[in-house]
Amino acid sequence: MTKDLNTLVSELPEIYQTIFGHPEWDGDAARDCNQRLDLITEQYDNLSRALGRPLNVLDLGCAQGFFSLSLASKGATIVGIDFQQENINVCRALAEENPDFAAEFRVGRIEEVIAALEEGEFDLAIGLSVFHHIVHLHGIDEVKRLLSRLADVTQAVILELAVKEEPLYWGVSQPDDPRELIEQCAFYRLIGEFDTHLSPVPRPMYLVSNHRVLINDFNQPFQHWQNQPYAGAGLAHKRSRRYFFGEDYVCKFFYYDMPHGILTAEESQRNKHELHNEIKFLTQPPAGFDAPAVLAHGENAQSGWLVMEKLPGRLLSDMLAAGEEIDREKILGSLLRSLAALEKQGFWHDDVRPWNVMVDARQHARLIDFGSIVTTPQDCSWPTNLVQSFFVFVNELFAENKSWNGFWRSAPVHPFNLPQPWSNWLYAVWQEPVERWNFALLLALFEKKAKLPSAEQQRGATEQWIIAQETVLLELQSRGRNESAGSEALRGQIHTLEQQMAQLQSAQDAFVEKAQQPVEVSHELTWLGENMEQLAALLQTAQAHAQADVQPELPPETAELLQRLEAANREIHHLSNENQQLRQEIEKIHRSRSWRMTKGYRYLGLQIHLLRQYGFVQRCKHFIKRVLRFVFSFMRKHPQVKHTAVNGLHKLGLYQPAYRLYRRMNPLPHSQYQADAQILSQTELQVMHPELLPPEVYEIYLKLTKNK
């Protein structure tokens with residue numbers, strides 16, 4: 001079997017992974033797999049413990065099967081997929097060496113395997129440094145679809161994703177941020193970053209799921225999730241916050257950094273600050289405040305999370321939107337008691353809104369969004385006075401007019417439109433000096449509101465003027481927001497077109513340069529041809545939207561946007577025609593007989609150019625490196641020749657210089673997770689070659705072994 005395995009390994013295009021159970025090939029592996037294995041094993045153990053059994057694992061792009069067989073040794077049932085027969089041959093030979101393992105290996109294409117998967121067939125899927133090839137072949141959208149399906153039919157997916165910055169042929173096909181491939185999935189979390197043998201650019205590793213919250217100390221299924229804090233929140237926080245709801249828990253997952261750089265530094269800091277604030281408050285709640293228990297929390301460079309006990313009930317905002325009957329007396333009473341208790345301890349909630357109040361079956365209200373609990377008595381928005389803001393909240397609770405859509409709040413500040421005795425209560429507060437306003441006063445007057453004098457009978461001209469003015473202001477705000485919606489939509493479409501224009505201009509510049517010094521048709525030209533119809537459709541949509549939404553008398557800003565839209569249309573057609581002509585010219589050149597006849601001349605010219613650019617010495621070094629790479633590759637494929645050469649170098653005393661040269665040309669990968677493994681590798685090297693020990697230790701070693 002050893003001879004057969006040697007032959008199979010020598011036939012590999014590349015020894016990419018560590019060969020399971022055969023340390024003699026560790027030095028030949030392109031990547032050290034042990035650091036990634038530690039993380040993968042940790043996630044396997046967490047999921048296995050949560051499900052209460054060994055897992056069924058799918059390894060996509062299994063290469064030489066190191067990760068598959070390592071998990072099989074823990075009791076997992078493995079199916080490994082790779083499109084190269086040579087890799088599968090090695091995997092099967094290694095599986096035969098370990099007959100107790102439940103491991104099966106097949107030749108196949110990842111796209112076809114994912115399409116044929118059934119839900120529940122596998123618990124865990126692994127895809128390490130493989131999907132960038134599919135992106136290059138089929139595009140970003142297709143890979144997003146594949147990964148969505150993979151997350152749908154498994155409990156968890158572990159992905160190592162290549163990045164655009166890597167200097168390789170497929171780099172230009174990759175998304176600007178690898179998270180673009182998985183952002184459509186419910187849950188994803190960065191768990192590590194690793195260098196590769198191809199470049200010093202690290203590749204991120206993500207844990208992905210459409211079914212579970214996967215945190216090291218918390219692994220539970222969720223019933224549903226949303227990227228809005230409440231219904232109707234729109235683009236609040238730019239969808240950088242995700243909320244997962246389990247049977248008895250709620251998980252808040254805040255991203256500090258998002259694809260496309262959509263979060264500003266201030267927005268990122270706000271996410272981080274509010275999460276830290278909520279964790280701090282809930283782990284040390286003030287005495288007498290009924291806070292949910294914290295189940296787990298943590299963060300990394302990209303995100304932070306908090307898992308807490310799920311409170312019973314529904315959001316007050318949802319109940320109001322549905323027109324349900326609510327007991328305002330109980331809701332306001334319980335809410336005021338909570339706010340007064342917080343105030344007594346030196347805390348205030350700066351965002352008391354219907355969507356931050358949970359109401360249970362007994363109509364008892366409880367505050368949520370504990371990240372908004374602060375030590376400064378000031379609201380997070382207009383009006384900044386907390387008592388005034390609470391006036392607006394009470395008006396929202398009684399509001400019959402749902403049509404207002406204000407810039408900040410959509411209900412009045414004054415209490416004069418409220419029914420009795422609620423108007424009497426807030427008017428009594430209104431009459432107090434502002435410096436006396438607090439929640440203790442609100443609660444005290446609330447409890448005796450039935451005995452307070454009528455607000456309507458005390459109303460004067462000033463109050464009547466306030467009612468009239470605030471009604472007009474709210475109406476104007478609503479109209480302003482509605483009328484600006486069309487312009488906002490146009491502005492977004494103009495921005496998209498300008499981005500497409502910039503890409504077209506870059507493509508044109510590249511084509512002009514390539515027409516002067518012809519080479520093969522680039523991917524930009526292909527991209528242009530494939531996307532012209534999409535650009536034209538987008539432009540027509542923008543024009544239709546403009547005609548439908550903009551009134552005959554256009555505001556100057558909207559008219560300017562339409563002019564820019566028309567200019568963009570003309571520029572796109574102009575660039576399209578020029579690029580089509582360039583493409584035809586390049587194709588004519590490549591089909592010509594002279595192009596084929598001058599292939600050797602062009603190669604010779606390239607070598608002369610490189611010689612002039614780098615000099616004779618550098619070109620000689622380059623030639624020597626190519627020869628040495630061929631020799632090293634030949635020896636890796638022929639272990640017996642390698643063994644003979646190593647013995648000969650030892651006898652001649654040249655092994656260490658040769659080994660250093662080999663390592664210089666084939667460096668081991670390094671990453672922030674490799675420190676322990678590097679120390680271990682150095683120790684093993686010293687055991688094998690005592691002359692590498694420190695001089696004092698080596699002298700003691702010689703004394704101990706000289707009589708043996």
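Positions of Cβ are set from backbone N, Cα and C atoms, glycine also.
The feature S-adenosyl-L-methionine binding site is assigned by Swiss-Prot to 16-17, Arg36, Gly61, 82-87, 108-111, Leu128, with similarity to another entry given as support. Counting only residues at least six positions away in the same chain, the Cβ atoms of Leu60, Gly61, Ile81, Phe83, Gly127, Val130, Phe131, Ile134, Leu146 sit under 8 Å from the Cβ of Ile110 (S-adenosyl-L-methionine binding site).
The annotation ATP binding site is assigned in Swiss-Prot to Pro229, His237, Arg241, Arg242, Tyr243, Lys252, Glu274, Glu309, Lys310, Leu311, Met358, Asp369 on the grounds of similarity to another entry. Secondary structure at Tyr243 (ATP binding site), taken from DSSP and collapsed to helix, strand or coil, is strand. Around the Cβ of Tyr243 (ATP binding site), a 10 Å sphere holds 17 further Cβ atoms from the protein chains shown.
Swiss-Prot lists 485-594 with the feature coiled coil, giving sequence analysis as the kind of evidence.
Taken from Swiss-Prot, the feature region 'Methyltransferase' covers 1-210, and the record attributes it to similarity to another entry. When averaged over the region 'Methyltransferase' (1-210), pLDDT in the model lands at 95.
Annotated region 'Kinase' per Swiss-Prot: 211-459, in sequence order, evidence recorded as similarity to another entry.
The feature region 'Required for membrane-binding' is assigned by Swiss-Prot to 601-669, with similarity to another entry given as support.
Among the features that Swiss-Prot reports, region 'Required for localizing WbdA to the membrane' is placed at 687-708, with the record citing similarity to another entry.
Following the DSSP three-state reduction, the secondary structure of Leu128 (S-adenosyl-L-methionine binding site) is strand.
In the shown protein chains, 16 other C-beta atoms lie within 10 A of the C-beta of Lys310 (ATP binding site). Among the binding-site residues listed here, namely Pro229, Tyr243, Glu274, Lys310, Met358, Tyr243 has its C-alpha nearest to that of Glu86 (S-adenosyl-L-methionine binding site). Residues near Gln84 (S-adenosyl-L-methionine binding site) in space but far in sequence (CB under 8 A, at least 6 apart, same chain), listed by position: Pro13, Val107.
Neighbour counts were taken as the number of other C-beta atoms within 10 angstroms of each residue's C-beta; across the binding-site residues Gly108, Pro229, the minimum falls on Gly108. For the binding-site residues listed here (Asp82, Glu86, Glu274), the lowest count of other CB atoms within 10 A around the CB belongs to Glu86. Checking each of the binding-site residues Pro229, Arg241, Glu274, Lys310, Met358 against Leu128 (S-adenosyl-L-methionine binding site) by C-alpha distance, the shortest gap belongs to Arg241.
According to DSSP, the region 'Required for membrane-binding' (601-669) comprises 62 helix, 0 strand, 7 coil.
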